[in-house]
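The signal peptide feature in TrEMBL is assigned to 1-19. What TrEMBL lists as disulfide bond is Cys36-Cys120, Cys41-Cys47, Cys90-Cys96.
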Amino acid sequence: MSSCLIYLSMCLAIGTSLGVRAADDDFQGKPITETCLICMCEALSGCNATAVCVNGACGIFRITWDQWVDSGRLVVEGDTALSDDAFPNCANNPRCAADTLQSYMVKYGQDCNDDQQENCLDYGAIHYMGPFNCKADMPYTYESIFKRCLKGSQREQQQRNLN
Ligand SMILES: *[C@@H]1O[C@H](CO)[C@@H](O)[C@H](O)[C@H]1NC(C)=O
């Protein structure tokens with residue numbers, strides 16, 4: 001979670017996007033928890049919010065064009081879905097990128113690891129390996145950073161509950 005402290009603006013941006021989730025908002029619309037989003041970006045980019053595209057995958061979550069299109073071409077304010085830079089602008093905006101992943105998981109969320117739940121581990125696999133290949137092993141580096149981050153946030157949660 002250290003990057004979350006360093007890149008506070010990113011955390012706030014993601015937090016805001018989830019914060020607008022009102023009590024009556026449909027959980028189905030935002031299946032990915034804030035912790036899960038942070039651990040995904042931690043494993044994918046170190047949550048480095050510098051605008052960047054690497055081999056066509058942009059932003060803190062390294063979202064691809066295909067994923068963006070599949071998720072309904074969300075856009076930042078001022079863009080339309082047909083703007084030339086609509087994709088990189090959204091993927092490089094932590095809030096638009098997080099909303100894109102939410103929409104992607106609404107569409108493709110599934111129990112990849114057969115533990116009878118659909119949760120963060122599944123979303124991490126779906127995002128990295130694709131919805132049709134999510135039962136495969138995650139690449140070592142990605143998996144280890146991702147799982148270490150999730151364990152760390154569980155510990156923090158437990159400590160908060162004890163206090
Ligand atoms: C963040 O990413 C940019 C662009 O790739 C890079 O130049 C910069 O050094 C990175 N920052 C950190 C703290 O790693």
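Cβ coordinates come from backbone N, Cα and C, glycine included.
Listed in sequence order, Ile63, Trp68, Arg73, Leu74, Val75, Val76, Asp79, Cys96, Ala97, Thr100 are the same-chain residues at least 6 apart in sequence whose CB falls under 8 Å from the CB of Cys90 (disulfide bond). In the three-state DSSP scheme, Cys47 (disulfide bond) falls into the coil class. One residue stands out among the disulfide-bonded residues Cys36, Cys41 for having the most other Cβ atoms within 10 Å of its Cβ: Cys41. Rounded to a whole number, the distance between the Cα atoms of Cys41 (disulfide bond) and Cys120 (disulfide bond) is 12 Å. Cys36 (disulfide bond) sits 12 Å from Cys47 (disulfide bond), taking the CA atoms of both as reference points. Neighbours of Cys96 (disulfide bond), defined as other CB atoms within 10 A of its CB across all chains, total 22.
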